[in-house]
Amino acid sequence: MLRAEWVEKRKRFKNKTQMHLARQGIITEEMEYVAKREGLHPEFVRQEVARGRMIIPANINHLHLEPMCIGINSKVKVNANIGNSGLASDIPTEVEKAKVAIKYGADTIMDLSTGEAIKETREAIINVSTVPVGTVPIYEAWKIAKGNVKELTVDLILDVIEEQARQGVSYMTIHAGILREHLPLVQHRVMGIVSRGGAILAQWMAEHGKQNPLYEHFDKICEIFKKYDVSFSLGDALRPGCIEDATDDAQLAELKVLGELVEKAWKHDVQAMVEGPGHVPLHQVEFNMKIQQEWCHEAPFYVLGPLVLDVAPGYDHIGSAIGGALAGWAGAAMLCYITPKEHLGLPNVEDVKQGVIAYKIAAHAADIAKHWPGARDWDLAMSIARYNFDWNKQFELAMDPETARAYHDETLPQEGYKTAKFCSMCGPEFCSYKISQKVQEKVSPEELIENGNWVAP
């Protein structure tokens with residue numbers, strides 16, 4: 001892949017975005033690359049990007065990035081959040097987290113660093129990442145302002161956004177949808193505002209008595225994004241922090257504004273996706289996906305989980321993957337992973353691995369439910385390998401081959417058992433596969449009976 005050459009050829013364009021080029025009728029090399037990865041026609045990809053239903057987050061300065069897409073008419077994607085805090089982690093650790101996330105299948109990563117050396121950490125992550133890197137620039141601005149609302153100026157925020165764009169960040173969470181008039185709507189909530197960026201901007205508005213500066217200066221942000229092809233990830237500052245607060249007036253009021261901002265970004269030919277909850281009980285997940293598609297004009301929906309219960313700290317990657325699978329089936333384009341450390345602390349490298357795998361499971365389950373072409377081929381190959389006792393093939397096909405092999409080795413470590421027609425669960429006498437194969441040898445195909453014409457959905 002020679003992305004440097006692709007970008008160089010397009011230097012004459014003032015607006016560098018994939019959306020702008022798509023609307024000019026141009027099928028870019030990034031679109032062709034994405035089409036091959038997704039099994040789609042390049043012209044279809046161009047149409048989806050032009051329409052805004054698909055984004056290709058690919059900053060022109062992240063030249064070793066392998067283009068990917070996020071959209072309702074593509075495979076469900078997974079994002080992994082990494083980044084330091086003021087109390088823990090360092091650059092080598094965050095780089096290792098990035099590598100592990102990518103190894104286990106993260107489609108994008110976000111650097112959410114809030115501690116020391118934010119710029120240097122981000123640079124190191126971008127340098128090792130072959131997937132798009134996202135950020136939340138208000139964090140760095142808040143760090144520079146030392147948590148002082150008076151020092152958090154519009155110029156500072158815009159300078160941080162421009163510097164991050166210049167560095168190669170492909171998408172940024174911009175909390176432009178939370179407005180001053182929304183603040184009274186959170187008073188009844190159990191957990192108020194749980195978005196860090198949202199809380200910072202709420203404090204800014206409350207103390208200045210002014211409107212959200214990201215909303216007021218949205219056009220200026222669009223001008224920056226056009227130069228570097230940065231995509232908006234329109235932040236849900238008022239996402240619910242517990243299922244009790246789900247789908248309330250505050251969340252929905254902000255969602256309507258996000259829909260307006262999508263159209264505003266599109267007027268600049270800037271790509272945009274919309275962030276979503278959060279904490280949502282299972283029976284409300286589908287509604288949340290459908291209303292976003294309606295109000296946000298089918299811009300890709302990027303959801304955090306959602307968690308469908310609040311009582312499983314230490315296992316929130318499981319509780320949220322349940323919601324994520326349903327969300328992906330109902331229309332979410334990308335799932336932001338949650339790790340076992342959610343609500344408890346900063347994830348370590350192993351937590352990142354566990355979170356990514358949980359969400360790759362959720363995304364794949366959603367692709368199967370959506371009847372995505374070829375999605376079930378992987379599962380069919382695994383099933384055939386299982387029934388044929390091809391243990392090494394099973395390990396090879398597993399989402400986490402090392403763990404699958406290690407679990408088998410716990411009781412049957414010798415290499416000879418990798419061709420055995422049983423495992424330690426049933427042993428050679430109780431293996432249903434083995435018994436079933438013997439039955440099949442004795443039953444003639446002519447003995448099959450007609451069983452109706454019903455077809456599974």
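Keep in mind that glycine also has a Cβ here, set from the backbone N, Cα and C atoms.
Site annotation (Swiss-Prot, ligand substrate) includes Asn81, Met110, Tyr139, His175, Ser195, Arg196, Gly197, Asp236, Ala237, Leu238, Arg239, Glu275; from Tyr215, Tyr228, Tyr302, the additional listed residue is Tyr302. The binding-site residues near His279 (Zn(2+) binding site), taking a 10 angstroms Cα-Cα threshold over the set Ser195, Gly197, Ala237, Arg239, Cys423, Cys426, are Arg239.
A simple way to gauge crowding: the CB of Asn81 (substrate binding site) has 23 other CB atoms within 10 angstroms, across all the protein chains here. Of all the binding-site residues listed here (Cys423, Cys426, Cys431), it is Cys426 whose C-beta has the fewest other C-beta atoms within 10 angstroms. Within 10 Å of the C-beta of Tyr302 (substrate binding site) there are 27 other C-beta atoms, taking all protein chains into account. For Ala237 (substrate binding site), the same-chain residues lying six or more positions away in sequence with a CB closer than 8 A to its CB are His175, Gly177, Ile178, Ile193, Ser195, Gly197, Gly198, Ala199, Leu201, Ala202, Glu254.
Within the set Asn81, Met110, Tyr139, His175, Ser195, Arg196, Gly197, Asp236, Ala237, Leu238, Arg239, Glu275, Tyr302 that the record links to substrate, no two Cα atoms are more than 20 Å apart, and one pair reaches that distance. The DSSP secondary structure for Ser195 (substrate binding site) is coil. Using a 10 Å radius centred on the Cβ of His279 (Zn(2+) binding site) and all shown protein chains, the other Cβ atoms total 24.
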